[in-house]
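What Swiss-Prot records for Arg95, Arg105, Arg133, Asp223 is substrate binding site, and it gives similarity to another entry as the kind of evidence. Positions annotated as site 'Important for catalysis' by Swiss-Prot, on the basis of similarity to another entry: Tyr140, Lys191. What Swiss-Prot lists as Mg(2+) binding site is Asp223, Asp247, Asp251, and the listing cites similarity to another entry. Annotated NAD(+) binding site per Swiss-Prot: Gly281, Ser282, Ala283, Pro284, Asp285, Ile286, Ala287, Gly288, Gln289, Asn290, Lys291, Ala292, Asn293, in sequence order, evidence recorded as similarity to another entry.
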Amino acid sequence: MTKHIAILRGDGIGPEIVAETVRVLDKLIEQGLDAGYEYAPLGGEAYDEYGHPYPEFTQNLCRKADAVLLGAVGSPQYDNLDRPLRPERGLLAIRKDLNLFANLRPAVLYPELANASTLKPEIVAGLDILIVRELTGDIYFGEPRGIRVLENGEREGYNTMKYSESEIRRIAHVAFQSAQKRSKKVCSVGKANVLETTELWREIFEEIGKEYPDVELSHMYVDNAAMQLVRAPKQFDVIATGNIFGDILSDEASMLTGSLGMLPSASLDENGKGLYEPSHGSAPDIAGQNKANPLATILSLAMLLRYSLNDEA
């Protein structure tokens with residue numbers, strides 16, 4: 001049965017790196033991969049065409065597709081738009097719409113890039129970490145949120161950090177199952193000493209961990225985890241954490257490899273459908289110059305084949 005891929009070029013270097021990746025996809029289809037694809041806009045490209053970063057046309061295509069491949073979103077020209085209309089909101093919206101709750105971010109050091117890392121080679125040689133980040137909850141989506149004026153006339157910004165038990169359970173299973181295919185270690189990262197949200201996170205990880213006796217579970221406060229990633233990163237196998245902490249730690253871990261531009265990522269739902277994109281941004285400063293490296297997007301295609309199409313091509 002033919003699988004359908006929605007391809008979102010996005011902004012900045014997105015169209016360039018996607019074009020090179022589609023060349024690879026076309027070759028695989030020529031060689032027998034039973035898949036087809038269709039393009040749709042997201043982010044700034046979508047705003048220019050439809051007035052919204054995640055328009056109905058794109059929603060319908062992505063909902064029907066078996067997997068989604070994205071270039072990148074974001075450009076300074078949209079920074080003055082109302083927040084709900086900015087390109088990045090399109091990315092948040094598609095994750096929420098498709099219920100893509102599990103973000104897998106590998107941080108692997110290729111031997112050829114050992115000297116590009118800012119850490120000593122002996123610290124990072126052989127590095128292979130997987131960060132499993134929960135994507136649909138936490139402070140990015142918690143309500144209430146906003147900016148209000150207090151009685152004394154001072155403005156106050158406020159957000160809500162929260163996680164439900166079911167949200168934590170499903171990301172815990174992803175983390176433990178990922179570890180079973182690797183070195184069988186999960187480090188749960190939070191701030192349970194001051195945040196009740198991550199106190200519950202820790203309790204549930206302990207509970208779920210009993211279902212995976214072959215996997216070693218440890219816990220670490222996020223500030224210590226950020227330090228340990230620089231001090232001794234090879235102690236980690238799978239790091240499991242919430243949305244905001246994962247956002248920060250995954251970028252930190254990626255730079256240990258010498259180049260953010262070489263790493264793919266996957267965001268999955270409970271059935272294996274996913275959004276696949278490079279870990280780097282839209283790099284508008286080099287857009288249109290044909291010098292953006294497409295490798296991270298090509299590797300994202302490889303993850304798409306593995307996780308959503310069950311094909312190791």
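Quick reminder: no glycine exception, Cβ is built from N, Cα and C everywhere.
Overlay of Swiss-Prot feature records on the structure.
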residue : record                         : DSSP (3 states)
Arg95   : substrate binding site         : helix
Arg133  : substrate binding site         : strand
Lys191  : site 'Important for catalysis' : coil
Asp223  : substrate binding site         : helix
Asp247  : Mg(2+) binding site            : helix
Ala287  : NAD(+) binding site            : coil
Asn293  : NAD(+) binding site            : coil
Neighbour count (Cβ, 10 Å) for Lys291 (NAD(+) binding site): 10
Residue pair Asp247 (Mg(2+) binding site), Lys191 (site 'Important for catalysis') - Cα distance, angstrom, rounded: 15
Binding-site residues compared (Ala283, Ala287) - the one with the fewest other Cβ atoms within 10 Å: Ala287
Span of Gly281, Ser282, Ala283, Pro284, Asp285, Ile286, Ala287, Gly288, Gln289, Asn290, Lys291, Ala292, Asn293 around NAD(+) - largest C-alpha separation, Å: 16
Residues that sit under 8 angstroms from Arg105 (substrate binding site) by C-beta distance, when 6+ apart in the chain: Leu130, Ile131, Arg133, Gly246, Ser250, Ala253, Ser254, Leu263, Ser265, Ser279
Cβ neighbour count (within 10 Å, all chains shown) around Asp223 (substrate binding site): 11
Arg95 (substrate binding site), number of other Cβ atoms within 10 Å: 20
Gly281 (NAD(+) binding site): secondary structure state under DSSP, collapsed to three categories: coil
